[in-house]
Every structure is written in C-alpha cells, then in structure tokens.
Amino acid sequence: MKGGGGVGDGKKDYQAAVHEGLTTFDQLGIALEDVGKSLEAETATTGGGFLPRIIFRFRNETSSLKRRSFDPTNDLVNMSVVPAETSYVLFFQVLFPFVVAGLGMVFAGLVLSIVVTWPLFEEIPEILILVPALLGLKGNLEMTLASRLSTLANLGHMDSSKQRKDVIIANLALVQVQATVVAFLASAFAAALAFIPSGEIDWAHGALMCASSLATACSASLVLSLLMVVVIVTSRKYNINPDNVATPIAASLGDLTTLSVLAFFGTVFLKAHNTESWLNGVVIVVFLLLLPFWIKVANENEGTRETLYNGWTPVIMSMLISSAGGFILENAVRKYHSLSTYGPVLNGVGGNLAAVQASRLSTYFHKAATIGELPNAWTIHRFTSFTRAFFSKEWDSRSARVLLLLVVPGHICFNVLIQLFTYTSKDNITPHGALFTSLYMIAAIIQVMVLLYVCQFLVSLLWKMKIDPDNSVIPYLTALGDLLGTGLLFIVFLTTDYFDPDELLAPKH
C-alpha cells in the first residue's frame, strides 16, 4: 500500500507542479502583454528609458516587414537578402573582370578604327549606323542573359543538372529569337536613316546590311551566350557572386567579338553583292526560317516564355536608342577619325558598371519582395534622391561609390594602352593632351553617374510595374550609355578642336 500511495502522491505532486507552471506562464504572458502596451505608449514620447527602447525594438524587429514603419534615410532592411560581400570584396571581385572588359573594349576600339577604312565601310558608309546597335546586343542579349542566369543561380534554381539543362537550353533559344528580330529591325532602321539624306533606298545595300546584321548577331550571340553559361556555373561552383563577374565578362568580349564578326561577314557579303547577289537573300531567308524553331524551344520554359511574349519593349527601344547613337557616330567619325577608337571604351565602361549594379539590385529585389511590391514598404519616391543613391550608408549606395571609384583610374589605364597601340600608327592620331584627357574624364564620370542613378530608379520602377528588371533594365542602360557616351565624346572632340586644334590633326593619306 505504501508503494501505491507513494506513486499516487508523486502523480499529485507532478500535476500540481505542471499546473503551477502553466499558471505562472499564463500570468507572464498577460504581464508581457500589459508591458508591451505600456511600452508602445511610452515610445510615442521621448521619455522612454534605455531598457524599454531595447525591448520595443526587439518586438518591432520580430514583426513582419509589412508592419514596420521606416525612416527613408535609415531603413531597416532584411539583412539576410542583402549582398554579403563588403566594399573590399566587391571591389576586388569586380576589378578583374572590369580590367578584362576594358582590354576587350580597347581592342574593339582599335579594330573599329581599322575597319572603318575598309572597302565595306567606304562603299556602304551607312553600315556604320549598325555598329552601336549590334554592339548593343551585348546589353540587350548577353548581359541580360548573364543577369537573368545570375539571379536564377543565386536563388538556387540552377543547382541540379536537370535544372541547368532546362534553363540553359531555353535561354539560348530565347537569345537566338531576340538576336534574329533585333538584327533584322536594326538593318531596316539603318536603311531608313540612310534614306533621309539621299532620298532613295538602295535595296541591294539593304540586303547586304540585313544579311551581315543577321549573321553577326546570331553567331556572336551564340558564342557569347555559351561563354556566359560557363562563367555563371563556374562562379556558382566556387562561391563567387556571378552578379559581380558575369556581366563584365559579357562586356569584355562582346564588342570585340561582334565587331570582328561584322567585319568578316560584311566583307564576305560585299563580295557576294558584287558577284553572287542572290547569296545575301538566301542568308536572310535561312535565318528567318530558323526563327519558328527557336521560338518553340524558348516557349517550353516558363521563365523564358514570359520574356518571349512580354520582353520586347526594352530590346527594341534600346536598339532604336543605340541606332540614334550610331547616327551620331557616323557623322562624328567623318570629322574625327580617332573618335572611333575611344567610342567603344567610353560607352562600354559606363554600360559595364551600370550593368553590375542593375544585376545586384535585381537579385536583391527577387530575394526581398514579391514582384509588384517594393521591399521594406519603400516607395518609388525613395529612389529619386540623388543623395541617397550615392552618399547614403545603404548597401546599394556603397556599391555605387565602389563602381564610381573604378572610372578614372580605369580610363587612364585604357587610354594609356590606346596610346601605346597607336603610337606607331600613321593613320590614327589619338589625342592625349591635358585638355582632352580632363574633358574625357569629366565626360566619363558624368556618364557613369547618370547611368547609376537611372539604374537604381529604373529597377525599382519596373519592379513596381511588375516587369522583371533582369530582362529590361540592362538593355536600356547600355543603350543610354551608348547614346550618352557617343554624344559626350563628340562634345569633347569639338571642345578640344575649338581650344586646341593641333591636338586633333586629321590623318594624312
């Protein structure tokens, strides 16, 4: 009996302890609720003590993002989705691809300064209008592809081999669709611009430009897209943020590859134009017949299907903007031959840096919010502040400062290389005096600051409008960079010519 009584007493003691504990817990909960109400009332005034403020902040930070109130000058953001790298890490991750990209742009400028003297550009000068539009494909297609794949990689959507295969094939097909359409429209727009001064259309020249444009765009885009895939998969494997690496590498080879391919195909088709005129028509028909196949493949993936149907506005608008830059370039090169050497460098550096910022911002928005709603209850008005964009303590402002830091030393190095490579050239005198260099650096800083400011505003605006910035922002930025860069560079040459004409002596043939 004692034993049974002992067990019964133990059960009673245990039940009493549990009941007492639950009662105490309930009382604690009621007490905390009362304290919370009083703290909320206290923090509405300025007399709150240190401990109440700490508890209140703890309670605030554990609430949902939607219930927070934010000071626009000191936002509390979800730090788990902010890019983890410091300014130093960002600087060194961007530095190497930036230098490689710059070298590619220097060589692209040198190639352009040479090929503009070839029979292709002398017999058909309007093909020069195509150059910025075709070079802009790296922003329309390859750099956009890099940004899109970087976001997917950072979100973990390319970790398995099946995911990688589906995403890569669909995106390669999408790029071919975009390349075909943009190249065809660019050649038509170039022919229309050529019609303005002459008042007549040369259909044979139009066919040559269309064939050259299609062959250049599709082949160069395929090669560069495959390279982007390799870079992004490798970066992901070695824990390098592909947002910092992929777009600069796309820019590094984009200009040089596209210019070289255009010069090659243009020369081949020029010979065909003079001997076998039917060949240009066949090339056009073949590329257009391949278009339905690429559309079918791209349509099978949900991610690329959206871009296939709704992603044409930025691509076509940026092509038109770049072509306007091409119209300026055609007239500027006639007056200042050496401008063709600096154009790809100035345009490329600005678009390159802006594309890095756009890719990083887009990845952050994808992680932090649902498309159509800005993160942390922000409003579009927040992104109109120039001070916030460049001089605040926020992570994207810090990134903008790091990217701006690369502009002047980068251009100095690239310009020194241009001088070295053209030192022995008698046909291409490149200006390098103090006046020209100072004006050039001012133009470069203005261009990049405008692009970075537009970048952060445009990403937030398009996100709010439920448009994926990965597919839309970089085309606008690179096209605007081409137009701004070409216009500012022309002004630099005109100003230098006015104050120091000996700096811009025309080459003597």
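Glycine is treated like the rest: Cβ placed from N, Cα and C.
Per TrEMBL, the feature transmembrane segment maps to 88-115, 167-196, 208-233, 245-270, 277-295, 315-333, 402-422, 434-461, 473-494. Annotation comment: TrEMBL describes 131-264, 344-492 as domain 'SLC41A/MgtE integral membrane'.
Counting residues 6+ beyond its ends, the transmembrane segment (402-422) has Cβ neighbours under 8 Å at 87, 90-91, 94-95, 98-99, 102-103, 105-106, 109-110, 113, 341-342, 345-346, 349, 353, 356-357, 390, 428-430, 432, 437, 440-441, 444-445, 448-449, 452 in the same chain. Sequence-distant contacts of the transmembrane segment (245-270), counting only residues of its own chain at least 6 positions beyond either end whose CB sits under 8 Å from a CB of the stretch, comprise 93-94, 97-98, 100-105, 107-108, 111-112, 115, 118-120, 123-124, 127, 130-131, 134-135, 137-138, 142-143, 145-147, 149-150, 208, 211-213, 215-217, 219-220, 223-224, 227-228, 231-232, 235, 279-280, 283, 344, 348, 351-352, 355-356, 359, 474.
For the domain 'SLC41A/MgtE integral membrane' (131-264), the number of residues in each DSSP class (helix H, G, I; strand E, B; coil) is 119 helix, 0 strand, 15 coil. Through the fold, the transmembrane segment (434-461) approaches residues 342, 346, 349-351, 353-354, 357-358, 361-362, 365, 374, 378, 380, 382-384, 386, 389-390, 396, 400, 403-404, 407-408, 411-412, 415, 469, 473, 476-477, 480-481, 484-485, 488-489, 491-492, 495-496, 499-500, 503 of its own chain, all at least 6 residues removed from its boundaries and within a Cβ separation under 8 Å. Among residues of the same chain six or more beyond the transmembrane segment (473-494), those with a C-beta under 8 A of the stretch's C-beta atoms are 132, 135-136, 138-140, 143-144, 147, 247, 314-315, 317-319, 321-322, 324-325, 328-329, 332, 335-336, 339, 342-343, 346-348, 350-351, 354-355, 358-359, 362, 431, 436, 439-440, 443, 446-447, 450-451, 454-455, 458-459, 462, 504. As a summary of secondary structure, the domain 'SLC41A/MgtE integral membrane' (344-492) carries 121 helix, 0 strand, 28 coil according to DSSP.
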